[in-house]
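Enquirer: Structure below; questions to follow.
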Amino acid sequence: MLTFLLYTSFHLSRKPISIVKSELHKNCSAASELAAAGGAVAGSGGQEASFPSLHTEMECSWKPFDKSNYKQLLGAMDYSFLCAYAIGMYLSGIIGERLPIRLYLTVGMLSSGLFTCLFGLGYIYNIHSLGFYIFVQVANGLVQTTGWPSVVTCIGNWFGKGRRGLIMGLWNSHTSVGNILGSLIAGYWVSSNWGLSFIVPGLIIAAMGVICFLFLIEHPNDLKGIYTQNPSPGNSVSKGHLFYPSCVSAKSWNGANGHPKVYLQYKDNKKQNYDTELLLPRDAVCVPAQPVVVVKSESEPSAISFMGALRIPGVVEFSLCLLFAKLVSYTFLFWLPLYITKAAHLDAKKAGDLSTLFDVGGIVGGILAGVISDKLGKRASTCAVMLLLAAPTLYGFSMISQLGLGPTVGMLLICGGLVNGPYALITTAVSADLGTHKSLKGNARALSTVTAIIDGTGSVGAALGPLLAGVLSAGGWNQVFYMLMTADFLAL
């Protein structure tokens, strides 16, 4: 549950930029017309016409996003974040394997909170430099890469392979929950003070970082360490480095050559088990005991290298599969509301609300993919079948979405399930399985690196998908859907 809340806060802090975009560049056409009309009236009265127009222009958009190329500038912020995230993910896993996960995740969340708040401070301190906002996005993209490998490693440590599909399918819904909460929080202040749309989520993820530091337990073995450090009184009697059960006491006499001999004296007032009662008399007796030296190796398995992780069977294959699957998913994330606006002739708010059904279908698809893969024990086959069904479904959606609202709702749910189902399964259960592959011979220090490689490769597709959709949409939406269907087939 804690890892669910932690990664929910990551997505919560990513969402404000998509909400605030409409405030950074408003629809200035209506404002310009009003300004022109006001100027004409003022001019007829013999007054200066330039002041109302200037005031309206200043109030309309936030510099430097008030120019005609605002789409490219806003897109540059998206791509700077996604590209930094994709590149940083490869490094994040390698670093995470060599540091305590709790500390690594805490530093990442505190840093992400700082840069998220920094973006909002641009409004408060009236900053209009594009370089400032690009820098904040790049830095935030890099530090946010600490999240996914860390939480997947933790969840993989706690749950066995047989239950990973179902549990991680449910757990992966944090993405949608974070997006919804981020939208609500950012939307509350977007019109009055969009700086708070970033500052409040930034403070939330920073607070969750403190909670992570105080309460996160990385591995079940850490609980055993707590109990062994605090043994219950009376459960054992310690003599030097030898530990004796509470049913015995230790006595020593000097033996030959000055070496002590240790005898275990069974106390008469302690109840013995059945086998002990058969072998020992009721009276107290001293039995010579041989010392047993338990040697604990101080050296732990070394963290796996980047090339070593690539050599794990299935890592390269699933990484490339996720590249194309995430390309499709993130194209829907960035372009679906606009497509619904054009195809179903809805306003922006209704199109945005309708697009959330794609995420709802994704939650259901992720859970179903996990359950099916657990039952069959074939995660690759589960992904392949869903991807194979997704391609024609995307084409059907492009046709049916023009027929009305009802068919669009149904196809959104189906497409969301088939597109996000394999995406969720690969980034969670499959990554955890490969990170604990039998070829590692019990070395558990590979899960973070494997997860980072797989999700980092997928993030490359996440950056390419919206870019290609923007280029192809100029020639018609059918070309975008052909690109998405091709990507699904390549993912196979």
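In case you wondered, yes, glycine gets a Cβ from its N, Cα and C as well.
From a predicted model like this one, the values you see are computed outputs, not experimental measurements.
Pulled these from TrEMBL:
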type	residues	note
DOMAIN	2-492	domain 'Major facilitator superfamily (MFS) profile'
TRANSMEM	73-91	transmembrane segment
TRANSMEM	103-125	transmembrane segment
TRANSMEM	131-159	transmembrane segment
TRANSMEM	171-190	transmembrane segment
TRANSMEM	196-217	transmembrane segment
TRANSMEM	315-336	transmembrane segment
TRANSMEM	356-373	transmembrane segment
TRANSMEM	385-405	transmembrane segment
TRANSMEM	411-432	transmembrane segment
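Please go over these features one by one and say how buried each is and what sits next to it.
Expert: Same-chain residues lying 6+ beyond the ends of the transmembrane segment (73-91) with a Cβ under 8 Å from its Cβ atoms: 14, 17, 21, 24-25, 64-65, 67, 130, 133-134, 137-145, 148-149, 306, 330, 334, 452-453, 455-456, 459-460, 462-463, 466-467, 470.
Long-range contacts of the transmembrane segment (356-373) within its own chain (CB-CB distance under 8 A, at least 6 residues past either end) are made by residues 164-170, 172-173, 175-176, 179-180, 329, 332, 336, 379, 382-383, 386, 409, 412-425, 428-429.
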Enquirer: Of the listed stretches 171-190, 315-336, 385-405, 411-432, which one has the most C-beta pairs under 8 A with the transmembrane segment (131-159)?
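Expert: Stretch with the highest Cβ contact count: 411-432.
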Enquirer: Can you tell me the mean pLDDT for the domain 'Major facilitator superfamily (MFS) profile' (2-492)?
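Expert: Averaged over the domain 'Major facilitator superfamily (MFS) profile' (2-492), the predicted model reaches a pLDDT of 75.
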Enquirer: If you count every Cβ pair below 8 Å, which range out of 103-125, 171-190, 315-336, 385-405, 411-432 shares the most with the transmembrane segment (196-217)?
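Expert: If we count Cβ pairs closer than 8 Å to the transmembrane segment (196-217), 103-125 scores highest.
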Enquirer: What parts of the chain pack near the transmembrane segment (171-190), using Cβ distances under 8 Å and only residues at least 6 beyond its ends?
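Expert: Cβ under 8 Å, 6 or more out: 3-5, 7-16, 18-20, 22-23, 155, 196-198, 200-201, 204, 356, 359-360, 362-363, 366-367, 424, 427-428.
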Enquirer: Which sequence positions outside the transmembrane segment (385-405), separated from its termini by at least 6 residues, show Cβ-Cβ distances below 8 Å to it?
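Expert: Long-range Cβ neighbours of the transmembrane segment (385-405): 321, 325, 328, 339-340, 343-344, 354, 365, 369, 411-412, 414-415, 418-419, 421-422, 477-478, 481, 484-485, 488-489, 491-492.
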